[in-house]
Amino acid sequence: MTIRNQRFSLLKQPIFSILNQHLINYPTPSNLNYWAGFGPLAGICLVIQIVTGVFLAMHYTPHVDLAFNSVEHIMRDVEGGWFLRYMHANGASMFLIVVHFHMFRSLYYGSYSSPREFVRCSGVVIFLLMIVTAFIGYVPPWGQMSFWGATVITSLASAIPVVGDTIVTWLWGGFSVGNATLNRFFSLHYLLPFLLVGASILHLGALHQYGSNNPLGINSYTDKIASYPYYYVKDLVGWVAFAIFSSIFIFYAPNVLGHPDNYIPANPMPTPPHIVPEWYFLPIHAILRSIPDKAGGVAAIAPVFICLLALPFLNQSMYVRSAKFRPIYHIIYLLFLADRLLLGWIGCQPVEAPFVTIGQISPFVFFLFFAIMPIPGRVQRENPNYFSENFAFSYPKK
């Protein structure tokens, strides 16, 4: 390319050159599989949520007397409003499904290991922001479940010693959930996705500092290809499959992931018989309920995110990252995955036997995974031949 052509090339301009470097010509391992496509797919979901949210905000009124009716106005009177709302509501679930797959892929292939600790930590921050954004986004429809969900969850802050009641009053903007609560929750719900964009850019920058991990879990600095067009074409298969999967919910079962009580206007007088959070809160809800004491249940939530942040430092397997070559860790990983699904199921069950007992065992298994995480890696470091000698069935025979 001549100097003149380079000067007038769009991709050589300051801002576009950064996009070209990180999204088009970014060197990528040549052996990535389809599981690696969940990262870019999460970015697409974030863009969809922001775009649909902005258009919905144009027709929404954050007032306790008008909020529920404004949502119905969007559904009935705004052209294409039903599509925007269902895409936004179900898109939140799709977004979190994609992120869960992305996180469990990272756990399996060891993408959190050194030198990518900051990639993992920034990802956990993004996940925490997503959880907060999803929770406060459940309040604006101002149905029964929105009102009582906000009341129950925010009142958990009262378990904090000394300042708990003050924090609850500050969150509510008064002595109960009301108009001030709805206004501040709607404002935060509009703001936080843009913070998510900033955190995602940091996450992407941290990833590109050392390059992407690969299914073998080894560093490869030579066997790489450009992201475009190879992985764009490959990821296109996953994007189309995801679009079809999402369309099934949007067009044929838009309310299956919601709660019917949220189609009843918020009323502080009658309490719903069974207050159930959205599916993505169910594991946290199960851990919260596993401890009878309110303060103890709230205190058990913080270690969940602390363990996720500490994961890169708990892993003692420095050179062999992928679970494909770590048989013991592979078994532990599958048990952890099963326990995570069990927590989600327990979180939506009533507080009665045998669900109470199962709900107390499942969080113990969840935290046990992080407690024993260093052991397989330490054994492997002290005796590299241990696994090949004792678990030869895990490796293909020559």
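Cβ coordinates are placed from backbone N, Cα and C, and glycine is handled just like the others.
What you are looking at is a predicted structure, and each value in this text was computed from that prediction instead of being measured.
In this view, His189 (heme b b562 binding site) is surrounded by 21 other Cβ atoms within 10 Å of its Cβ, with every protein chain counted. If you look up Swiss-Prot, you'll see His88, His189 marked as heme b b562 binding site, on the strength of similarity to another entry.
Under the heading heme b b566 binding site, Swiss-Prot lists His102, His203, citing similarity to another entry as support. According to DSSP, His102 (heme b b566 binding site) is assigned to a helical segment.
Feature annotation from Swiss-Prot assigns ubiquinone binding site to His208; the stated evidence is similarity to another entry. Sequence-distant contacts of His208 (ubiquinone binding site), defined as residues of its own chain at least six apart whose C-beta falls under 8 angstroms from its C-beta, comprise His22, Tyr26.
Listed as Cβ neighbours of the transmembrane segment (38-58) (distance under 8 Å, sequence separation of 6 or more from its ends, same chain) are residues 74, 81, 84-85, 87-88, 91-92, 94-95, 98-99, 101-102, 105, 189-190, 193-194, 196-197, 200, 235, 238-239, 242. Annotated transmembrane segment per Swiss-Prot: 38-58 (among others), in sequence order.
Here the transmembrane segment (82-104) has long-range neighbours at 35, 38-39, 41-42, 45-46, 48-49, 52-53, 55-56, 71, 74-76, 123, 126-127, 130, 134, 137, 242, 245-246, 249-250, 254, 257-258, 278-280, 337, meaning same-chain residues at least 6 beyond its ends whose C-beta is under 8 angstroms from one of its own. Look at Swiss-Prot and you will find 82-104 (among others) tagged as transmembrane segment, backed by similarity to another entry.
Taken from Swiss-Prot, the feature transmembrane segment applies to 119-139 (among others).
According to Swiss-Prot, the feature transmembrane segment maps to 185-205 (among others), an assignment based on similarity to another entry.
Summarising the annotation, Swiss-Prot assigns transmembrane segment to 231-251 (among others) and lists similarity to another entry as the type of evidence.
Feature annotation from Swiss-Prot assigns transmembrane segment to 295-316 (among others); the stated evidence is similarity to another entry.
Residues or ranges marked as transmembrane segment in Swiss-Prot: 328-348 (among others).
Swiss-Prot lists 355-374 (among others) with the feature transmembrane segment, giving similarity to another entry as the kind of evidence.
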Just to be sure I understand the packing, how many Cβ atoms besides its own are within 10 Å of the Cβ of His88 (heme b b562 binding site)? 19
Among 231-251, 328-348, 355-374, which stretch has the most Cβ pairs under 8 Å to the transmembrane segment (295-316)? 355-374
Quick one: Cα separation, His102 (heme b b566 binding site) versus His189 (heme b b562 binding site), in Å? 23
Taking a Cβ cut-off under 8 Å, which residues six or more beyond the ends of the transmembrane segment (119-139) line up next to it in the same chain? 92, 95-96, 99, 103, 106, 111-112, 145-147, 149-150, 153, 181-182, 185-186, 188-189, 192-193, 195-196, 199-200, 202-203, 206-207, 210, 278, 280-281, 284, 305, 308-309, 311-312
Which number gives the other C-beta atoms within 10 angstroms of the C-beta of His203 (heme b b566 binding site), all protein chains shown included? 23
I'm trying to understand the geometry here, so how far is the Cα atom of His203 (heme b b566 binding site) from the Cα atom of His189 (heme b b562 binding site), in Å to the nearest whole number? 21
